[in-house]
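Asker: First the structure, then my questions, so here it is.
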Amino acid sequence: MKPTSLLLAATVLMSTPITSALAASATPPDVAKKPHVVKAPHGAERNDEYYWLRDDKRENKEMLAYLNAENAYTDAVMAPLKPLEDKLYDEVVARIKQDDASVPYRERGWWYYARFVTGKDYPVHARRKDGPGVDAVSIQAANAAGDFAGEQVLLDVNALGAGKDYYNVGDYEVSQDNRLLAYADDTNGRRQYTIRFKNLDTGELLPDTVTNAEPNLVWSDDGRTLFYVDKDPETLLSKRVKAHVLGTPASQDALVYEEEDDSFYMGIGRSRDDKFICISVESTVSSEMRCTPAASPGVFTVLAPRERDVEYQADHLGDRWVIRTNADGATNFKIVTAPTDSTSRKDWKDWVAHRDDVFVEGFELFDGFSVVAERANALESLRVIKADGSSDYVKADESAYSMGLSANPETGTDWLRYSYTSMTTPATTYEINTKTGERRQLKQQPVPGYDASKYVTERVWAPARDGKTKIPVTLVYRKDVARDGKAPMLQYAYGSYGASMDPNFSITNVSLLDRGVVYALAHIRGGQEMGRAWYDDGKLYNKINTFTDFIDVTDYLVKEGYAAKDRVAAMGGSAGGLLMGAVSNMAPEKYKVILTLVPFVDVVTTMLDPTIPLTTNEYDEWGNPEEKGYYDYILTYSPYDNLQAKAYPAMFVGTGLWDSQVQYWEPAKYVARLRDLNTGKGPVVFRTNMEAGHGGKSGRFRQYRERAEMFAFMLDQLGVASK
């Protein structure tokens, strides 16, 4: 089938991309080469002529001048595409119900929700008192009508962020007596949060502040003490749990627990029944929990001592602990139980058995039933286990989708709330009665002008080069796009840390689909879509599989006619940016343009430096290059080290000056060396957000503006431009 006239009217094929023509005549910034040798403990040495671009304080004038010059060059190259960028941005904003609100949930006698104000970037967090006739449906109706009588505003993030280039509230927590609020905010994207306090009875901000913290907060039962996670100011590792007593200086906060092993990170939370406050410490391959009674916090007692290659996460309800673990060879995890006062491994009793073909992702406990989040064949499912031991699965409506637990703070209910979405179905919140099976839709993300019937999503399986592995791929495209090998395609993947990339609806992607672009989400190894073995096959000495899987998916989709071989774009960020750098080195001819955001591209140098944030947490993900074997293996794929004098695709590289996860100098060095070696004609542009961190700019509209610029660059390179 040929594209309809509507689609053709929105598509123009150009022989030479505007950005390529302009980049050929423009001159990118000069960047000095300065000799520097990076040494490894085992004696290996590497030259890094752009190492000088690193400045931990972000103050070096020569470095800042270079980043600003790169931004100016990007502005110049992108200037002719400003009308397209504006059009893309306007299209996305038009798909937003700007005064939308979340589905309220009830907790301790109050209904909590977030709502947006038309034209504003940030949410308003609010609550309403429970009472006769007050429920999620009535509150949604009131919010939609602009009726905020009886609402108590917890945080107006627009007011808090006013005048700031960057602002983010990472977490907030209401005290058990509902009177006090603690919240954590970040003003530069570095993820070093400041904790602040508010009296909800008076609306007064209290003078107490705690700096350099994680957005992870737990109140004691008496509402006088807040437990929080303190960060190391240099490595940004979550190192200590402290207790702040209101009305006292933060310098006097008591040390509750300190983790000595830098390969672990930590968090703190309450058990499901609020009886315990628990500290969780985890590495890539091990975990340990320590808990204390919430009513009288004291010594945090270890549930089960840490063991290498044994992970567990526990929760408590009633008279037992319920524990998800991979102990005893349960590669895909199982669920066990233990008595409240006997939690060592010898006391664990199997409850949900391990299965080779089903990955147990998590669980939620209720008084009359339990829910297990599972994954099989790269699809999520929710299994409801009833008190009598029987079980049912929550039904999905499509063949490729995403399903997960939603807010369920109360245990004494028969109703389970969950979320559902797909690449064609906007985010939807349902609740299902676990006794009767009745399902109610509480909300679907409103998308003005969107017609789901015009699009199709499907799941295909691409063969990997090993001849035995099948890689799941989720596709979405307009129904009037022919599978004739002529369409442009954007292929996205991540493939690290066991993070599963599930198919979600995207209002920004609709603008691509309406221009005839096929969108492909590749569920490659290194993620956990197919279970723990899928992750293990894409890390450490198996990391190369992540990159070859991505390339093999591209080859398959082109072979099957989903895309033209010369009109393929690739996109990834962070560890997915490592993926982009690797595939551009391994198979540059297969990609017309690559979009790489906050890319982790200098793996060896970063992993050799324990002072860089996250390095020590990740030795079991990439390997420790202080060991010669890992050093040599990482060198085979590290993007910065494998750049060569050859033709590379056009590339859009983005970073944030204050990025805490991938330091800005990695993409800066990468772009400098790439430009020096690249023999291709495609432009390389480098955008640094000078006020942003790993997640980009804050605020919903500014993020859409960033995406519009990047997509305008990509569409131009693919030969697609809007009239």
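Just so you know, glycine gets a Cβ as well, placed from its N, Cα and C.
Given the structure is predicted, the values throughout are model-derived calculations rather than measurements.
Look at Swiss-Prot and you will find Ser574, Asp659, His694 tagged as active site, charge relay system. Here Swiss-Prot flags 1-23 as signal peptide, drawing on experimental evidence.
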Asker: Can you tell me the CA-to-CA distance separating Asp659 (active site, charge relay system) and Ser574 (active site, charge relay system), as a whole number of Å?
Answerer: 10
Asker: Determine the Cβ neighbour count for Asp659 (active site, charge relay system): the number of other Cβ atoms within 10 Å of its Cβ.
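Answerer: 25, counting other Cβ atoms within 10 Å of Asp659 (active site, charge relay system).
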Asker: Provide the number of Cβ atoms within 10 Å of the Cβ of Ser574 (active site, charge relay system), excluding the reference atom itself.
Answerer: 21
